[in-house]
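S.K.: Before I ask anything, here is the structure I am working with.
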Amino acid sequence: MNDNKILVVNAGSSSIKFQLFDYHKKVLAKALCERIFVDGFFKLEFNEQKVEEKVAFPDHHAAVTHFLNTLKKHKIIQELSDIILVGHRVVQGANYFKDSVIVDAEALAKIKEFIKLAPLHNKPEADVIEIFFKEVPSAKNVAVFDTTFHTTIPQENYLYAVPRSWEQKHLVRRYGFHGTSYKFINNYLEKHLNKQNLNLIVCHLGNGASVCAIKNGKSFNTSMGFTPLEGLIMGTRSGDLDPAIIGYVAEQENMSASDVVNALNKKSGMLALTGASDMRDVFAKPQENAVAIKMYVNRVADYIAKYLNQLEGNIDGLVFTGGIGENASDCVELFINAVKSLGFATDLKLFVKYGDSCVVSTPQSKYKIYRVRTNEELMIVEDSIRLTQK
């Protein structure tokens, strides 16, 4: 058992992230293959060593085989059969997958069926699963879905007020994303607080960002919708807007609807408002970007207030996680101050260096406020072990 390894894979349209764990859940190596289809770049970190090299990756298969060969070359693994589990992050499982799943032909067919809902994500994820079937045939492959945690959202929160045939024929409804992160946060705080069935409002804030209302330990509502475009203002995504804008701009600019949606996904958000998609760059110019920062903060505050109301004011905590939520103290302070009328209170002195979590609410705060470091890869490892030990 000591030689057994678990690999976590996150495949995107032009990149693949890898993390290799031992069976005690310790990280052995991290790697990134990026610029697939273009010129290719490979990064590997292991045992306090770093490898960076330009490598041509004509496709995802070439990237996977290069990664596996590099693991053997540096003796991180002896044989490919050392990898007994491969956990794949899959973005879209629709409402079909209520749990993570050991991937067989039927599960793979379903993942492919949902490519139409998330073409940029599910297609490379399905392709990479098939690559691992071929390259590491002895390993079991587990799919862990961003959407699974949100399959508990009640109908009144997942339906859109559109013709019902759109849902019945085309699966148009709220799905929500970042579910693996929300599951990790919920599980972590259950252990940390020694309490089950928590009510939480969790803000996962990174370049992609969302908020989730957790009721009795289950997702009750979330800001992302049919796609990750809905909800908060993000690095390059617009978040909520009037859908009539899509048709109007398509007509005025002689663009297709999909071109407009692409612009809303990749050329909007903070990038459109400030010229920068990274919040560190935005906050480096607070006066110049004051309006954009106010818009960004207000949108997060709106969702916190909305979900506090939906949870009837009964929460065990407000949680900030993700790259911004975990690290940008000035940003988190703004979010909390924007909802201080609801009883939330913080003090910058509480924003000290911390390990996995810290409390940033003052004794005067009506509700506890936490910062918790999420770990989606560890959640995927734990799900993979759980399923294969059944």
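Using the three backbone atoms N, Cα and C, a Cβ is placed for every residue, glycine included.
Taken from Swiss-Prot, the feature Mg(2+) binding site covers N10, E376. Summarising the annotation, Swiss-Prot assigns ATP binding site to K17, H204, L205, G206, N207, G208, D278, M279, R280, G323, I324, G325, E326, N327 and lists sequence analysis as the type of evidence. Here Swiss-Prot flags R89 as substrate binding site. Per Swiss-Prot, active site, proton donor/acceptor is recorded for D146. What Swiss-Prot records for H178, R237 is site 'Transition state stabilizer', and it gives sequence analysis as the kind of evidence.
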S.K.: Considering only the recorded positions K17, R89, D146, L205, I324, E326, which fall within 10 Å of N10 (Mg(2+) binding site) when distances are taken between Cα atoms?
M.R.: K17, R89
S.K.: Report the member of K17, R280 (the binding-site residues) whose C-beta atom has the most other C-beta atoms within 10 angstroms.
M.R.: K17
S.K.: Pop the Cα-Cα gap between H178 (site 'Transition state stabilizer') and E376 (Mg(2+) binding site) into the table, whole Å please.
M.R.: 9
S.K.: Here the recorded positions are R89, H178; which one has the lowest number of other Cβ atoms no more than 10 Å from its Cβ?
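M.R.: Counting other Cβ atoms within 10 Å of each of the recorded positions R89, H178 gives the minimum at R89.
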S.K.: If you measure H178 (site 'Transition state stabilizer') to R237 (site 'Transition state stabilizer') at Cα, how many Å is it?
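M.R.: Cα-Cα distance, H178 (site 'Transition state stabilizer') to R237 (site 'Transition state stabilizer'): 15 Å.
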S.K.: Rounded to a whole number, how many Å is the Cα of D146 (active site, proton donor/acceptor) away from the Cα of K17 (ATP binding site)?
M.R.: 16
S.K.: Would you kindly give the Cα-Cα distance separating R237 (site 'Transition state stabilizer') and I324 (ATP binding site), rounded to the nearest Å?
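M.R.: Checking the Cα atoms of I324 (ATP binding site) and R237 (site 'Transition state stabilizer') gives a distance of 16 Å.
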